[in-house]
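One structure below.
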Amino acid sequence: MRIGFIGAGKMALALARGFSEKINPTAVLASCPPSDDLLLKQFRDHGFDTYNSNEFVARNSDVVIFATKPFVFPIIMKELKHVFTVNQLLISIAAGLKINLIEKSLKDGDKLKIMRVMPNTPSLVNEGVTVYAPNKQCKIEEEELVERLFSSVGRVYKVNETQIDAVTGISGSGPAYMFLIIEAMADAGVRQGLPRDFAYKLAAQTMVGAGRMVLETGDHPAVLKDAVCSPAGSTIEALDTLEKNGMRSSIMKAVEAATNRCK
């Protein structure tokens, strides 16, 4: 099995590195324009084959992953409109591009096996979350393949395509929200006299640990939150301040804004 990436950015490289734990690195191909050869060099440094021809990669891959920016996608589709066959699996990780648009962009697109997949940036450190939605041509074999590959960079979930925009608002954009919270907590620590590097480590590890508690205990976040709050203690005082300043509603509005932007 050969996996080809159309586009060679950070996410493509992260996925390729993860996939190489499941398949031989020589089975991974990537393409992008000559002007982006520095990106391809990173692929070559990991033992992957690289090309400046999208068509070559598309024709010589069993799984083709479109890893380009959404605004580039129409150009790629025009170039590769007649290339694909029913034996290939086509995966798009471009935000906001719906399956029916991809099908309409390709010759006999409704007969091709196409999946819309949304990984997130923590995939760069194998702590990502990926969701996928298959079209009607995909069978259980394609779903199992996607789960096997993408599980190398984190957790994988199947969703209805109608849910992907909302997923993007949470897990796709979510790392940026978390980084902002980490930065704010660290700034507060510095204000209270802590060294900045130490404050970042405290905030980041606290975020990681809290997330693992939710995933591994199965307890409701509110139950875990209440367990930290002592009567008349410092934590409940902090939570009162956050609620009074609209943190909960601000996060909900942020997720809604990101979701709406994807539609």
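Cβ atoms are placed via backbone N, Cα and C, with glycine included.
Given the structure is predicted, the values throughout are model-derived calculations rather than measurements.
Taken from TrEMBL, the feature NADP(+) binding site applies to I6, G7, A8, G9, K10, M11, A67, T68, K69, P70. TrEMBL lists N54 with the feature NADPH binding site. Per TrEMBL, the feature domain 'Pyrroline-5-carboxylate reductase catalytic N-terminal' maps to 2-96. Positions annotated as domain 'Pyrroline-5-carboxylate reductase dimerisation' by TrEMBL: 161-262.
Overlay of TrEMBL feature records on the structure.
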residue: I6; record: NADP(+) binding site; DSSP class: strand
residue: N54; record: NADPH binding site; DSSP class: helix
residue: A67; record: NADP(+) binding site; DSSP class: coil
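Taking Cα separation as the measure, the residue listed as 'NADPH binding site' is nearest to I6 of the binding-site residues I6, K10, K69. Cβ neighbour count for K10 (NADP(+) binding site) (all protein chains, 10 Å cutoff from its Cβ): 13.
Cβ environment of I6 (NADP(+) binding site): S31, C32, N54, V57, A58, V64, I65, F66, A67, T68, I76, L80 lie under 8 Å away, each six or more residues apart in the same chain. Of all residue pairs in I6, G7, A8, G9, K10, M11, A67, T68, K69, P70, the annotated binders of NADP(+), the farthest apart have Cα atoms separated by 15 Å. Less than 8 angstroms from the CB of K69 (NADP(+) binding site) sit G7, A94, each of them six or more residues away in the same chain. Here A8 (NADP(+) binding site) comes close to A30, S31, C32, D36, L39, L40, Q42, F43, T50, A67: these same-chain residues lie at least six apart in sequence, with C-beta atoms under 8 angstroms from its C-beta.
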